[in-house]
Amino acid sequence: MEVYLVGGAVRDKLLGRPVKERDYVVVGTTPANLLAQGYRPVGKDFPVFLHPQTQEEYALARTERKTGPGYKGFEVDAAPDVTLEEDLQRRDLTINAIAEAADGSLLDPFGGQQDLARGILRHVSPAFAEDPVRILRAARFAARFNFKVAPETLALMEAMVTAGEADHLVPERVWRELERALGESYPRRFFEILRACGALARIFPEIECLFGVPQPRRYHPEIDTGIHTLKVLEIAAHLSSDTQVRFAALTHDLGKGQTPSHEWPHHYGHGERGVALVLTLCQRLRVPKAYQALAVQVARYHNLVHQAQELRPGTILKLLNRVDAFRRPSRFEQFLLACEADARGRSGLENRPYPQANQLRLAFRAAAAVTARPLVAAGLRGEAIAEQLQQQRIKAIKQAVHTERG
């Protein structure tokens, strides 16, 4: 029985990145032998075991044969005579098909180290095309490492999309990969790769249709709404590691994809149109409610936030109430970050100041300091409390904004 460290742990060690978890492949043994040594079985579709002391995963070397559409149609062979190279050959990318022996030596039959050095994502074998999830994984690794996809791999991904393989992706898996991609260092690369192979139109049509839609050059020097959207996502990634903020940034302008072409380059009412599209996207991918709620707010109100310095105190208070700032101050901060990303996600304007966010923060703090307790203590009841609370908060906002403007 031979044991090798495989996959992401080897890759990340070679890249000098922290290793979060270790997976091992075991060659030349059987499930019964591992059970006899105290390993605990956990794999449903193929033999995977947990080490009795470390609880790390040990999988029997295996081969996989495609038997049906999608990512579940596989027949697995984990016999003792399956070799290490055969196991590595079933893996998706060469950078994930490197093994480390117990003595520290590396086994790299598919040139993964060379591709790591060159920053290239390359498929190991034509079997890459048997699992549509690999389209998403390749794009996600591009978002993590900022690597390029090898031309032949991109061509294979395009062929998979043309063959309809991407249509077999289940919503939960798409969302899982999207959420992970949003948390990577270069999330815009995920969408660039999907668009390059044609998968964006199949998986995220609401985003694909933004490309080629013009905006006024005065406000958007980049003109193209799709390019703007990816720039906003890029800025959001610099502003915050919060994937909810990044998702809201990604979806803030979906409504522009539905603007009648005769109205271009203007997009009147795109905020409300965008809300409907955000809800459709979230329902289709079964996006968690927290992501959806923030994305809806940003789609609906981002233009109003950009006008914050021109808003009257009463309008500012209405905005604070509509985004539920007093009950959800943390989400209000997420909301402002996504709006700032939109304002700065424009060619040549990436570093411009965004005083609107700080003005709304000041207004919120001033209004939040006004509570109903003194009003209740003074004997007010019901609607009288609400009316007085509103008036006092408007007054507090007016004073805070006036002081800020100097």
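Glycine residues also receive a Cβ, built from the backbone N, Cα and C atoms like all the rest.
Under the DSSP three-state reduction, ARG137 (CTP binding site) is assigned to helix. Positions annotated as CTP binding site by Swiss-Prot, on the basis of sequence analysis: GLY8, ARG11, ARG91, ARG137, ARG140.
According to Swiss-Prot, the ATP binding site annotation covers GLY8, ARG11, ARG91, ARG137, ARG140. Neighbour count (other Cβ atoms within 10 Å of the Cβ, all protein chains): 19 for ARG137 (CTP binding site).
Feature annotation from Swiss-Prot assigns Mg(2+) binding site to GLU21, ASP23; the stated evidence is sequence analysis. Counting only same-chain residues six or more apart in sequence, the Cβ atoms lying under 8 angstroms from the Cβ of ASP23 (Mg(2+) binding site) belong to LEU5, VAL6, GLY7, GLY8, ALA9, GLU56, GLU57, TYR58, ALA59.
Confidence annotation: the domain 'HD' (225-326) carries a mean pLDDT of 96 in the model. Taken from Swiss-Prot, the feature domain 'HD' covers 225-326, and the record attributes it to sequence analysis.
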Item checked: Cβ neighbours within the same chain of ARG91 (CTP binding site) - under 8 Å, at least six residues apart -> GLY7, ALA97, VAL124
Check: Does DSSP put ARG91 (CTP binding site) in a helix, in a strand, or in coil?
Finding: coil
Check: Can you name the residues of this chain that are 6 or more positions from ARG11 (CTP binding site) yet have a C-beta less than 8 Å from its C-beta?
Finding: ILE95, ASN96, ILE98, GLY112, LEU116
Note to self: For the C-alpha pair, I'd like the distance in angstrom between GLU21 (Mg(2+) binding site) and ARG137 (CTP binding site), rounded off.
What the structure shows: 18
Notebook entry, point to check: Over all shown protein chains, what is the count of other CB atoms within 10 A of the CB belonging to GLY8 (CTP binding site)?
Noted result: 16
